[in-house]
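Structure, as structure tokens:
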């Protein structure tokens, strides 16, 4: 007798699932369940630390770091609402839960993955604007505008993700009458979701980072015989517009007038860059003070761009195999189909990405290390709580 659609709790279905679909040995089941549970817990713990650090540490309170808070929230939702049900579905070999939750679960799965990569796309654009228009963008980048950008990120993700609630295949029974919960297998939706959720944002990020590289190269190199122009507006920090050298004042944008000698009045305007702060140059997301293209600023921006490039690169490495094989199977389902264990491996590697961002921040960023130590050890005083 076939199990009713979506019940997931019919005893005969459970027996059939154990007989036909449960392909893991007890040892493999225990190992896999333990590993994924640890990854889930670490994802939740690490991303909660990121959120607390950004919201409480004065070095990390720049409005642009709200992107990292939203990205961490998406990873927490993956760990709490997606991975547990995927794990149960994988180990049990059938969909145990109700049919309506299958639809919501699949839509949320695509939503959170899509939001993660579109967050990274937005962060890339933020990096580009902060490097291409450092002074103007630093004054325009307010918390309100960043929150608006985050809202747009989630809306775009929802537009890509929620059509399955209307068009997806419901929970189906396999040949043994066991309920299964699968992604929409229509070729149109597969290509639509793959391009919108992964390939298009990836292309945008690649183009943006190519442009960032070109700008960085332009500001760090110059033709032979010409002085370097690592500053905004073509005026070296601390150098007078007419003649004479500034003696090292620190007031930002100070403009002074001096009287000339016997030839009458001579006005000398001096424009000075903001003095470098005591923050170390590996900081992530400058806190919003208007920057100039001085040496320390270039070092800090290049370091930040590298850290975010690592985050984006790791995301692409984790998710590209799944989306590529997922799309390939839609285009040529008979000849391009991967072995099921390999496809599942790609699927779970993508989920593991949610746990990696806190590690990347810890390895590459001094401020996050200090904030995490403050939260965990209660003995660092760099953050105000």
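In case you wondered, yes, glycine gets a Cβ from its N, Cα and C as well.
TrEMBL does not curate its annotations; it predicts them automatically.
The domain 'G-protein coupled receptors family 1 profile' annotation in TrEMBL covers 46-361. The region 'Disordered' annotation in TrEMBL covers 224-273. Per TrEMBL, the feature transmembrane segment maps to 30-54, 66-85, 105-125, 146-166, 186-210, 304-325, 345-364.
Here the transmembrane segment (186-210) has long-range neighbours at 110, 113-114, 117-118, 120-121, 124-125, 127-128, 160-161, 163-164, 167-169, 305, 309, 312, 316, 319-320, 323, 326-327, 329-331, meaning same-chain residues at least 6 beyond its ends whose C-beta is under 8 angstroms from one of its own.
Packing against the transmembrane segment (146-166) from elsewhere in the chain are residues 63-64, 66-67, 70, 103-104, 106-108, 110-111, 114-115, 118-119, 122, 126, 183-184, 189, 192-193, 196-197: each is 6 or more residues past its ends and has a CB under 8 Å from a CB in it. Tertiary neighbourhood of the transmembrane segment (304-325): same-chain residues 113, 116-117, 120, 123-124, 127, 131, 194, 197-199, 202, 205, 209, 212, 216, 282-286, 338, 342-343, 346-347, 349-350, 352-353, 356-357, 360-361, 364-365, selected by CB-CB distance under 8 Å and a gap of 6+ residues from either end. Long-range contacts of the transmembrane segment (66-85) within the same chain: residues 36, 39-40, 43-44, 47-48, 50-51, 54-55, 97, 101, 105, 108-109, 112-113, 115-116, 119-120, 122-123, 126, 143, 146-147, 149-150, 153-154, 285, 351, 354-355, 357-358, 361, each at least 6 residues beyond the stretch ends and with a Cβ under 8 Å from a Cβ of the stretch. Nonlocal intrachain contacts for the transmembrane segment (30-54), taken as residues 6+ away from its ends with a CB within less than 8 angstroms of a stretch CB, comprise 24, 60-61, 65-66, 68-69, 72-73, 75-76, 78-80, 83-84, 87, 90-91, 348, 351-352, 354-355, 357-359, 361, 368, 371-372, 375-376, 383.
If you take every residue in the domain 'G-protein coupled receptors family 1 profile' (46-361) and average the pLDDT, you get 76.
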